[in-house]
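Colleague: Got a structure for you, written out below as structure tokens; questions coming shortly.
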Amino acid sequence: MERPRHQGMAKNTNMRWRLPLVCLLWEVAMIVLFGVFVRFGPEADAHWEEEKRELNLTSDMENDFYFRYPSFQDVHVMIFVGFGFLMTFLKRYGFGAVGFNFLLAAFGIQWALLMQGWFHSFKNGKILIGVENLINADFCVGSVCIAFGAILGKTSPIQLLVMTLFQVTLFSVNEYILLNLLHVKDAGGSMTIHTFGAYFGLTVTRILYRPNLEQSKDKQGSVYHSDLFAMIGTLYLWMYWPSFNSAISEHGDAQHRSAINTYCSLAACVLTTMAFSSMLQKKGKLDMVHIQNATLAGGVAVGTSAEMMLTPYGSLIVGSISGIVSTVGYVYFTPFLESRLHIQDTCGIHNLHAMPGLIGGIVGAITAAAATEDVYGKEGFIKAFDFTGMYQTRTPSVQGGFQAAGIVVSLLMAFVGGAIVGGILKLPIWGDAAAENCFEDEVYWEVPEDEESDVYHMHNPDKPASP
Amino acid sequence: MERPRHQGMAKNTNMRWRLPLVCLLWEVAMIVLFGVFVRFGPEADAHWEEEKRELNLTSDMENDFYFRYPSFQDVHVMIFVGFGFLMTFLKRYGFGAVGFNFLLAAFGIQWALLMQGWFHSFKNGKILIGVENLINADFCVGSVCIAFGAILGKTSPIQLLVMTLFQVTLFSVNEYILLNLLHVKDAGGSMTIHTFGAYFGLTVTRILYRPNLEQSKDKQGSVYHSDLFAMIGTLYLWMYWPSFNSAISEHGDAQHRSAINTYCSLAACVLTTMAFSSMLQKKGKLDMVHIQNATLAGGVAVGTSAEMMLTPYGSLIVGSISGIVSTVGYVYFTPFLESRLHIQDTCGIHNLHAMPGLIGGIVGAITAAAATEDVYGKEGFIKAFDFTGMYQTRTPSVQGGFQAAGIVVSLLMAFVGGAIVGGILKLPIWGDAAAENCFEDEVYWEVPEDEESDVYHMHNPDKPASP
Amino acid sequence: MERPRHQGMAKNTNMRWRLPLVCLLWEVAMIVLFGVFVRFGPEADAHWEEEKRELNLTSDMENDFYFRYPSFQDVHVMIFVGFGFLMTFLKRYGFGAVGFNFLLAAFGIQWALLMQGWFHSFKNGKILIGVENLINADFCVGSVCIAFGAILGKTSPIQLLVMTLFQVTLFSVNEYILLNLLHVKDAGGSMTIHTFGAYFGLTVTRILYRPNLEQSKDKQGSVYHSDLFAMIGTLYLWMYWPSFNSAISEHGDAQHRSAINTYCSLAACVLTTMAFSSMLQKKGKLDMVHIQNATLAGGVAVGTSAEMMLTPYGSLIVGSISGIVSTVGYVYFTPFLESRLHIQDTCGIHNLHAMPGLIGGIVGAITAAAATEDVYGKEGFIKAFDFTGMYQTRTPSVQGGFQAAGIVVSLLMAFVGGAIVGGILKLPIWGDAAAENCFEDEVYWEVPEDEESDVYHMHNPDKPASP
């Protein structure tokens, strides 16, 4: 093992002080803010026995924990294993994919608990948290994981943390506007998570455009086993997506319905993805990039409407269409975005999240506008759209209009926010790698030696493997 | 990277139009049939509030969703990650294993929702679905995944879709005969899923016998990391099997008991598998094939009886025996089946599903026949075997007889159905690979280049790795 | 493939008869003991309908199964996939890591059901088991998995089984002393699982000290993909740890609170781990060893206090500190332990489990001592610490004292027990590998050929890859 290590790889990006400093200072800030603001909600507090008596609950089963904890754990897996491993497809960026996703999500959920807490769970000067807050924090971070997909391999961990800080903030504002001001329904986050997250990320990567990125072109591909690692991510996202879309729906029929709709949509999406993946290749061979990503579009595209009476066949239609759109996107739009619009989208989030997210918003608006008391039942209708209090007189078509407005707001927030945050990330102080070192773990990670030499060998086919 | 790609690999199997056509046409058929037939069941419908009042339910917790959703998700993981990754052990067929499993299961669950719906959930011209239907659809597809194991690496994706179409149909008929006509208990599917699925697959692979399969012998093995990927599949199947066997049992004690029995049986199975794996090798070394597969036989073998009063020690006994039978099968029966009976069983489903499935059916029959009111309690006895209505007077020993009849029916359905479907799959129109291209992803998938060259190198040890 | 296999590797460790014998005899013993002692508890027994009437329960939902089964499955995944894959980081010991962990855990849960059953679920001569027993058995085995981490790669499967037999026994005694005699709270097992398990394992590895271990130094590292496999283990441990710490807490607020505290602690731990991992490397690069392990310390460190009113910010503080301690441990303590104290700790369990376990015990003692009726509410206070019956008059500060005593007892049990068991394992009859064959799967496993030749090549850089 005396072969010299690849020179130039070891470029010092000066993470040594900056990354620790950011991590530690921010964690201290979290501790202080949590100390001032965050407390257990009534269902997690030791006063629960009194609460139970007051609310006349006869069983501990009525604790929200039991309604939502299994879904929470599924969502948790999606964020950390799902997104983390989905991005390990790159041959030399597996550590960065799964490790940086871990880092940004772990910071993001803390900050999201605060931001979303101030907007939604703030009582008497305290944020009262329970399992639903944990799910919502994971959701919020999901939008950051999506944006991470666009800039994967091209940014430093500090840039990712800075982006997380801002994106979580903007996410929470956007979510507040949609859910509270526009009174929009979006339980699975087609608009708040996917549309916002994806267009935010795409705008950021546009601002961070690297003209010389083809210098690391050889590292942008996958190897056999990295594609299998990525399939772990894909399958966990796919399997648990019914939990994602139903996790914060109303107890009872709404959670049940969301899961069924999402299950159907995803199943259909797999078939149309396979069909178009084969059809659009010269030799009819399937492309792992499509299978890894476009099969998930069906989950994104029913994110708004899954808890509505979309019906199983409606879900099949939406899932089928989104699989097609997403696969076509990978074949035609991604190269176009890169060459013409200078949008370098590493994971193709435009195809997996942006377009299906828009479809999801639109389908949600239509499904809401088409709702009738006949289909939902009198009580079910009011419950499904929360047409109570000041929204008592809102009609389905008006609701549909507000849903559509929610898409526009999410897009605006994404473009404006992404531009500003992209500008901040462009500052030359964050330690990002040179173009020829993109998609390369060795810049930020200690990488085991022997594999390094493999790569070394791979890139120098004219040199003998062993002297 | 200018080395020429391996010639002959690129054989065009004409998937380009046929696969898309089948996928798209069938998905359209699903949409139409779902549109005509499938609606939400009362617990997923927005009229749930009225339903609740009618049934006098006081809490949303009584929605079946909360009784079964966690088990459903576990079963879902078993079908897609469990079976998918279990089959990635082949060094060059990981994409096909996990990808085709994904494809056939995604189609299969849609078709199963219809087929099983017509038989079991049909009311006033509509199929009303809820979480239990999703579980049953996954179960049904599980039997296809099992059959896939026998023909893994030797069939085209179109053949797999055709097989899925027919097998799901036959499964549903067989299930109807067993559960409704014979009034047999089989919650974990020892008979309906494993015995039927395995003998169906073995019959199909017998019909599709390839005399020249040794031409791809070099690709039938595993590599170090492919064996680890396969262990992901194994462990998820093993860990979640208690959910599998309890997922559709009656609420309360039956679900609870099924989980415990399965947990015990699987634990015992691991020890006897390890024992025999070591004992049957010359040097006493353990064989990953056994650990990956035979450790699961304990779950199969209590599939019928887990919800009965099998007792924990009974489970240990069944699990121990099935681990032994399965491991012995891998060492002695699989080579025998191939050389003498011309049954080429890629994954050894005869050892993992067929024989343990038979054991499961027999143990179920015995456990049912041995049931007494003393052990079950008066109410528990009636509830456990559903001895109500026209079955009010059935005795345990008669029930045991019907259970045994269920095994025979499943076997007949598997042999006859497998022979017919095998014959259909033998038609030379489905684009299967030549014998020398079996177990090779490159026939149907875009495979990353660098690994290809590794394999190229591997197969030509007399050529230098680098020119 | 005619290159000769690596000589010396094939050393016969005489597993062929010894391993099967131990496995089979012990399994027979389990069957006999289960037959004599183990029966279904009332919630899993077919008499449940009568039980329900007696306890005046109106719904099957009140069955403990529905309160704990989702958490049980998460814990189950942690034991088998979490610990199993966490240890696959070694380049040539993946089979042993995941396979032996599988073996010892499968045996351990059976023996734990008995041992813990005799102490905690023994009624009228029978051990009555339900889902909580399954969780506790998994917990108990968790402590063995931890100890396995210290001796990973250096012991034979028989040694592991012998250790499991003794450690489960000692665990159960220690647990009985803590929970029943000292009336200590330790739902997430900071003391019973982590402190005991880790110091037990460290003592065993000290006794088994191998002075020539540097002979297999080249195999003690990781390769690129083995590090990714290990991250699967890490993430599943990390994600499901909230389930681990809440799995056996009281129904309602306690389970809810445990999950939230653990979620917060783990999130904070990731940031401080990343900070210190970067800070302590010369070039500021992150080390996968830290990310794989130290990020989990936050879960260990709130194992005792998570179900108490630790508060979210308290959890952040504990998590932050434990991440720092653990990372610093990997950098400075592990080399010190090896060179000075002759403690060869393969996975660094001293950093991940021992020190954070101690922190967890201490934090638990302080949190208990600081409890007030004001914070918990009158009822909540009594319920949280079970201050009923003979403990009616125990004060928080006294409880804190007993909690501290629990740490001391666990340590003593670990040191004394570990020394004795280590002595037994040192007997030259268990077939452990020679020093130069440590961390090498080929000693106990059939390993696929082609990868072997890779390794062969790797170890002989002065030989050409291909003749």
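A Cβ is built for glycine as well, from the same backbone N, Cα and C atoms used for every other residue.
Heads up, here are the entries from TrEMBL:
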DOMAIN    C:62-429  domain 'Ammonium transporter AmtB-like'
TRANSMEM  C:21-40  transmembrane segment
TRANSMEM  C:66-86  transmembrane segment
TRANSMEM  C:93-114  transmembrane segment
TRANSMEM  C:134-153  transmembrane segment
TRANSMEM  C:160-179  transmembrane segment
TRANSMEM  C:191-209  transmembrane segment
TRANSMEM  C:221-240  transmembrane segment
TRANSMEM  C:260-280  transmembrane segment
TRANSMEM  C:313-333  transmembrane segment
TRANSMEM  C:404-425  transmembrane segment
Colleague: Could you give the residue numbers and ranges of same-chain residues that sit at least 6 residues beyond the transmembrane segment (C:93-114) on either side and whose C-beta is under 8 angstroms from one of its C-beta atoms?
Modeller: 23, 26-27, 30, 33-34, 37-38, 79-80, 83-85, 87, 127, 129, 133-134, 136-138, 140-141, 144-145, 148, 152-153, 157, 160-161, 163-165, 168-169, 171-172, 219, 226, 229, 439-441, 444-445, 447
Colleague: Is it true that the transmembrane segment (C:313-333) and the transmembrane segment (C:260-280) have 3 or more CB pairs under 8 Å, sequence gap of 6 or more?
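Modeller: Output yes: the transmembrane segment (C:313-333) sits against the transmembrane segment (C:260-280).
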Colleague: Can you tell me which recorded stretch out of C:21-40, C:134-153, C:191-209, C:260-280, C:404-425 has the most Cβ pairs within less than 8 Å of the transmembrane segment (C:66-86)?
Modeller: C:134-153
Colleague: Using a Cβ distance cut-off of under 8 Å, indicate which of C:134-153, C:160-179, C:191-209, C:260-280, C:404-425 has the most pairs with the transmembrane segment (C:21-40).
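Modeller: Checked against C:134-153, C:160-179, C:191-209, C:260-280, C:404-425; highest Cβ contact count belongs to C:160-179.
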Colleague: For the domain 'Ammonium transporter AmtB-like' (C:62-429), provide the mean pLDDT of the predicted model.
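Modeller: Summarising the domain 'Ammonium transporter AmtB-like' (C:62-429) by its mean pLDDT gives 96.
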